[in-house]
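As written in Swiss-Prot, here are the features:
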| type | residues | note |
| --- | --- | --- |
| BINDING | 48, 49, 50, 51, 63, 86, 87, 88, 232, 254, 255, 256, 288 | L-cysteinyl-5'-AMP binding site |
| BINDING | 48, 236, 261 | Zn(2+) binding site |
| MOTIF | 50-60 | motif ''HIGH' region' |
| MOTIF | 192-197 | motif ''ERGGDP' region' |
| MOTIF | 294-298 | motif ''KMSKS' region' |
């Protein structure tokens, strides 16, 4: 599937800072293990994509902006990045929304994917190298399910009408290591987030669906274990490991995906391929609320990127509004967030038109690198530029950025993805 155009990312002079990120599994900030800088071996990064029926709300955008920062810092450190993202273009929520709106689910998916692409392009988010729909990966999923069945890590329920295939929660002895949740929390989230603990015939209530046997009115594909369609988690396991290898560098997404989705995606891959960890780093971005209320489809309080840009708000201001708080925390978005970001953007531009002190400009670039490489400390990075701008007399500024100002302008573009 086609992604979207790649924004130009300026190359910066000076010394980059190696990236450290919080790992959800280990519960600590540590250095991201990467191939040597400048080598032909890329950093492998997989980020879960959208289910295309409500694109692109600010919660989506905040997650992809966090991983865009990671991509940019890796580029600054002279790493190539093999970024993979999926699209869950065959799933129950998509079917339900299409039925509600009286449209074909394929048409709804196509329109929302196109909107998502345009929003990502507007926000200057670097696209994935591989942008893969679940439908495109059916053969890969079938092969992985077959492997899990052959390994005894999966089973077919005894149900003549709907012989679904499930993964055994006991297939690996480390289940739960990524989320660090206790059994009660896992059971609660499994039931709330797409699981089917009461499905008759399962060996364990938390065994995860790998292959849903064909039902009337649903799309299905032939397989050695009967016609059907993929479960949610196995799609990501197959798409990621078939492109990045059985164990890769970074798996990420929103914090609501930690369990069950990411826990099971990792467990399926580890059981199928016999690896210790699917990813060396598990990275998760917090949720977005609006005016103190969790932003969600069910509440109908979603803020959409396309609405903000259509209203004349600059993508750079949207980025700065999201970056005002740390990516791992749950953040609130309101009119003040956007107004503050727009004022910040204007202040930085004024400073770049009047800056003359080269040493100060070089220093703020160093500070940007240091803050962003320290687990994406965007509040610190923004404060560093604020402090630089506050020290500049802008009364005699010109209409164009000064030579010195362009040093900072390039760094803000390259590292924060914000064009002044």
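Glycine residues also receive a Cβ, built from the backbone N, Cα and C atoms like all the rest.
Helix, strand and coil content of the motif ''HIGH' region' (50-60), in residues and according to DSSP, is 3 helix, 1 strand, 7 coil. Cβ atoms under 8 Å from those of the motif ''KMSKS' region' (294-298) belong to residues 54, 57-59, 287-288, 333 of the same chain, restricted to positions at least 6 beyond its ends. The average pLDDT for the motif ''HIGH' region' (50-60) in the predicted structure is 88. Neighbours of residue 236 (Zn(2+) binding site) among the binding-site residues 48, 63, 255, defined as a Cα within 10 Å of its Cα, are 48.
Between the binding-site residues 63, 255, 63 has the most other Cβ atoms inside 10 Å of its own Cβ, all protein chains included. Cα spacing between residue 87 (L-cysteinyl-5'-AMP binding site) and residue 261 (Zn(2+) binding site): 14 Å, rounded to the nearest whole number.
For the pair residue 255 (L-cysteinyl-5'-AMP binding site) and residue 261 (Zn(2+) binding site), the C-alpha distance works out to 10 angstrom.
Listed in chain order, the residues near the Zn(2+) site other than 48, 236, 261 are 86, 232, 233, 235, 253, 257, 262, 265, each with its Cβ within 8 Å of the site Cβ centroid. The L-cysteinyl-5'-AMP site in the record is lined by 48, 49, 50, 51, 63, 86, 87, 88, 232, 254, 255, 256, 288, and its two most distant CA atoms lie 23 Å apart.
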